[in-house]
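Presented below is the structure to which this report refers.
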Amino acid sequence: MSFFRKLFQNNQQKTGQGNEIEVFPSLQKNIAYIQQWLFYTDDLKWRNIRFNGRDGVILYLESVADTKEIQAGVIKPIEQAKEGNITEIITAVDVKYERKLNAISQSLLQGSAVLLFDGIGEACLVQVVASYHRDVKEPDNEGVVRGAHGGFIENLSVNLFLVRNRLESQNLVVRYYQLGDATKTKVAVLYMQDLANPDLVKEVDHRLRSISIDTIISPGYIAELTENNPYSPFPQILFTERPDRTVAHLMEGRVAILAEGDPTALIVPVTLFAFYQTPDDFHSRWIVGSFIRVIRLASFLIAFQLPAFYIAVVSFHAEVLPANLIDTVKSSVERVPFPPILEALVMELTLELIREAGIRLPSRVGQTIGIVGGLVIGDAVVRTGLVSYPMVIVVSLTAISSFVVPSYEMSSAVRFLRFPLMAMAALFGFVGIVFGLLFIMIHLSKLESFGTAYLAPFIPLRIKDLKDTFVRLPIWFLNQRPHDPHPKRLNQERYSRGWEHDDQGEE
Amino acid sequence: MRRVILILVSMWIPLFLSGCWDQDLLREVRLGYGIGFDLTPEGKLFATLVVRDVPSGEQQKPIDDIFSATSRTPREARDKLDKKLSGRLRGYKYRVVLISEERAKQDIYPLLDVFYRDPKMPLNTRIAVVKGRAADVLFLRELGGTVPIAKGIDELIASEEELTSVPKINVRSICPVMLDPGEDFVLPYLMKKEERVEVIGTAMFHQHQMVGTLSPDESTVYLLLKGKKAELARFTRKVEVEGEREGESPSPYDFITIEVKKAKQEMNVLVNKQEKIKVQLNATWKVNVIEYPRDQLDEESNVAKLNKILSKDLTRLAKQTIQKMQKARCDGFGVGRQLIAFHPEVWKKKEKNWASEYQQVQFDTKVEVEITQKGIIN
Amino acid sequence: MIKEKSRITQGQLMFLILQIQVGVGILSLPYRVQAVAKGGGWISTLIAGIVAQVLILILWAICRRYPSDTLFTFLPKIAGKFFGKLLGFGYIFHFLFIAGIILILFTDIVGKWILMDTPRWALLLLMIATGVYLAKESIRVIARLFVSVSFFIIVMVLLTMAGYTNVNFTYLFPITEAGWPNILKGSSEVLISLVGFEVLLVAYPYVEGNSAGKLKAASLANMLTTLFYAFEVFTCLIIFSPAEFPLISEPLMYMLRSFSIQIVERIDLFFLSIWVIIVATSFVGYLYLASTGLGYFFHRGEHKKAVYYAAFVCFILAMIPQDQKTVELMNQIATISAYTFAAGIPFILLVIAYFSRKRRMEER
């Protein structure tokens, strides 16, 4: 396999070298070459001009280039001046010269207008790329109650602007990559020079460079190609559409990867707990923030253990229910004709169906799904006695808890994990659950994300970092950055509440 | 990836192939809620079982299904009962075990062995002795027309526990005491009165057998002296004050109801040179007067007088209780236990006929009552 | 010599030892101790802790001489090539055997308390699959997991506290009822449950820091285990009357059977579930030790490959006993094996190492 890949790569390079043709002196020949290079695509347009007494032509792809900009920034000045130095005349910002026909053609694809003149072996490339992008809006999947409501959009430069705007530091470094042999997707890697661990940056660089693929469509491609253990159900890279979240992570010494055409930032390395934090934690008061975070983490446990626990109880260990509770449960399960595991599976799968259908449908029809799913199925299934009431409660509780997770990827992972645990519970009761949990725990403690233990700071234990893990202590408690990305500088807060002591002195 | 799929798939196969070895589906079992043991005239065991039937409709109250069987052992009884029952009988939610007085006067350990041995059986089941037949009580079906019998008795005993008139015990907690040669226990003592069930005191045990009974007041005094005061402990005593006319029926003015707020007690087991055993039992109770129509509690002298009368009265009651226990050979205070722990040489000598030795033990009992609160009027 | 990636801290060493020590024996420990030492059982436990401490000192003294060698590499240096290898195999066998015994007792107790009808192989498969999944990792990953799992020991202590609602301290007295000889004899029962500190022989070179710190970590682990055991034994002693004790072979589980917390009854089932984790860690510990040995001899130090067949051997071992008698017999063999390999041989090795060094010094 690798042999073929090598062969393929070599071929590519060879053909690339063969195409290094310089600009012909003849205008017609140049146009013909470019036309041929683009396979006579219909959106290649040109316009003849005259300048310095020479015949020239402006070439551009009307689908990428901004025609107004060409008109105002290139044609108009040239028409007015008639002669002179071309760089001085053209009012567009980015102008450069290029001799290689191949590169010239390529730049057409990236939205340049190409000025070619008869008899001159050099082309002038003017950057006139058209940009159509939507407004900066709050991302639907990561809303917050308070705080910044801006989100990334599908345009890389706007996204970089959003980050730079929040982080006006010389230390913020942007590194561009081009990924995808066909799509040539522009990818930017962001990190703080004074914080991010050089090993981490090197590792990210190494992994991105080794990507060899035709198309990069979504950041999911990049994530899957770079994450440590693709077999794990757990996401090892944090996806976020929030610039403020990105900045917060950058300031902890992590690396963010942004791609053209997608509003998602990939953040590495992350720990499990990063998926359970939101900017809201820091916008609310710390007691409230901690409380909500604890609830969220509890929801993590509920989401994948509750169905398993319920199955274990009703099919193995009914004796753990107190006398008063057992009546209620028993009266409800009495009529159900299936074993609890089947009951649970049917309900859980129905829930997944409703959820999936709800996402895909337009919101007006989505309401119908809610009614059908919630009222018709939920109610009818119990009334006919196919599923018991407690099971419906358990399934809805799990669903709600799994949606509490601020990250969609983690929420799916958690919901997926229920199924093996349910099977274990149906086979061995509590013992099965314990082994299932132990297995997951072992898996998690093996897992690493770009050299960081996935369960840090819990495994390996680092008490200092627990201040911002299960709870969120006041910001002036968090003197040090989290240790898990191994930042160069640990201190992040010094003596912000020093004024307290100043006041005392005055009195 | 293939490995992962293989694991995931192979996990589900056994589920649909064989089901599971230990599965014990809640929906398929019938839950026993209470069991009563009587003695047949032939000396066999007569077991009465209460099975809870839970109608599956909404808002229908559960009904207790009650039936009996005769057998030699409890387990055999259960198997016989199971034959009369649709679905498998499961005992893990027994709430009460009732033993008839007649049966309790024999060894009760065999009745409970299955509770101790089977890991599925509950150990927090309440246990009580019934005057008359246990079956009669259980066949009442409902207490007061609303509460199913097993639950009703369970709650009845629970509320009496709060009043310190029966000890807080269950099948588990009597076990160490029952097996210990140096201590005995008491159980709640119930009786069917008309269509209701009443707690009429406690049944004293010696080793594994019932040996006598205590009245509710005696039970409370015993529990207080043992330091097992629950939430409430009340006494209504007759206090004879001056000016009382003879021959008349006692008027409500002659009575006082007190509630023991704080009970402090001290038990010392002393052994003298002749190896005579003497037990000093001193208790101080701080009480709250909750009913005393004669009032006049603002006067120091009256309170002091009442303190004196009550102390004397309750000391007498305590002495009477202890006497009764000694006569019945019930070592409820664990005098033997103290000997084992602190005078092992003495115990070695007395171990063989501890029951009769215990009757010789001299108790030195004193109860001191002190009124500290009197409600919001004087 | 030891890669940076597989190093562990001293704190991790502590939890490593703690988790391997606290294991399958904890449930029946109070019963076994009480049978011999009566009310003085808790003293026996403390004495056993002190003896274990002495043994740790011996192990440490050997390890200190070969700071970058594991058990299997320094054995030939002390005892010569042939005997060194022989002893190495002896240790591997010992580790496998203890792992097997852990499995046997595990299936025994689970089969007795919760899963009565589940076949033994199914339970073994569960445990072994989980064990292999962890044991094939580096010592660092294992230690990391053990640290966080130690949280469950605290939960066990808290659950035991529930027992204090109904206790009778006079059951303890007279403390020396069984007499001092029996109390000492009782401590030998405890010592078997304290075994697990042998992991020091293999883990020593992986630990960061100086030798004094390592000794401190190992001693602290032993102390915590001893205190935990003493607490559990003490609690059982004041809950069960002396006459009741002989009836109950797993007192810790038994005492929780009657307690309930508001919404759940039968805390013992939860206790058992936690205990399963504690057992799994001990099993993983021994499986890892055995497979490092096998890896050293057959796979150039890669223990990963050895884990699979080491686990298979444990499985076979655990399938052998079909009745209580064989279990007893194997238990006795394990006891002898533990005394030999955790106490006897290290002591002899230390003496040899001491004299050979002296001789070398004199020769010089």
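Note that Cβ sites are derived from N, Cα and C of the backbone, with glycine treated the same way.
With a threshold of 8 Å between CB atoms, the same-chain residues lying at least 6 positions outside the transmembrane segment (C:12-31) that come near it are 41, 45, 101-102, 105-106, 109, 139-140, 142-144, 146-147, 149-150, 153, 189-190, 192-197, 199-200, 203, 207, 214, 217-218, 220-222, 224-225, 228-229, 232-233, 236-237, 245, 248-253, 275, 278-279, 281-283, 285-286. Taken from TrEMBL, the feature transmembrane segment applies to C:12-31 (among others).
Annotation source TrEMBL lists transmembrane segment at C:43-62 (among others).
Taken from TrEMBL, the feature transmembrane segment covers C:82-106 (among others). With a cut-off of 8 Å between Cβ atoms, the residues of this chain six or more beyond the transmembrane segment (C:82-106) that come close are 23-25, 71-72, 75-76, 123-124, 127-128, 195, 198, 201, 276, 279, 282-283, 286-287, 289-290, 293-294, 296-297, 310, 313-315, 317-318, 321, 327, 330-331, 333-334, 337-338, 340-341, 345.
Annotation comment: TrEMBL describes C:118-135 (among others) as transmembrane segment. Only residues 6 or more beyond the boundaries of the transmembrane segment (C:118-135), in the same chain, are considered here, and those with a CB under 8 A from a CB of the stretch are 103, 106-107, 110-111, 141-142, 145, 279-280, 283-284, 287-288, 291, 307-308, 311, 314-315, 318-319.
According to TrEMBL, the feature transmembrane segment maps to C:142-164 (among others).
Under the heading transmembrane segment, TrEMBL lists C:190-207 (among others).
TrEMBL lists C:227-249 (among others) with the feature transmembrane segment. Here the transmembrane segment (C:227-249) has long-range neighbours at 22, 26, 28-31, 33-35, 38-39, 41-42, 44-46, 48-49, 153, 157, 160, 163-164, 166-169, 171-172, 190, 193-194, 255, meaning same-chain residues at least 6 beyond its ends whose C-beta is under 8 angstroms from one of its own.
Annotated transmembrane segment per TrEMBL: C:269-294 (among others), in sequence order. Within the same chain, residues 16, 19-24, 26-27, 70-72, 88-89, 91-92, 95-96, 98-99, 102-103, 106, 109-110, 113-114, 127, 130-132, 134-136, 139, 142, 145-146, 149, 152-153, 155-156, 159, 196, 198-199, 202, 252-253, 256, 303-304, 306-307, 309-311, 314 sit at least 6 positions outside the transmembrane segment (C:269-294) and bring their C-beta atoms closer than 8 Å to a C-beta of that stretch.
Residues or ranges marked as transmembrane segment in TrEMBL: C:306-321 (among others). Taking Cβ pairs closer than 8 Å, the transmembrane segment (C:306-321) reaches residues 96-97, 99-101, 103-104, 107, 120-121, 124-125, 128, 131-132, 135-136, 283, 287-288, 290-295, 298-299, 327, 329-330 in its own chain, all 6 or more past its ends.
Annotation comment: TrEMBL describes C:333-355 (among others) as transmembrane segment. Counting only same-chain residues 6+ beyond the ends of the transmembrane segment (C:333-355), those with a CB under 8 A from a CB of the stretch are 55, 58-59, 61-62, 65, 75, 78-79, 87, 90-91, 93-94, 97-98, 101, 192, 195, 197-198, 201.
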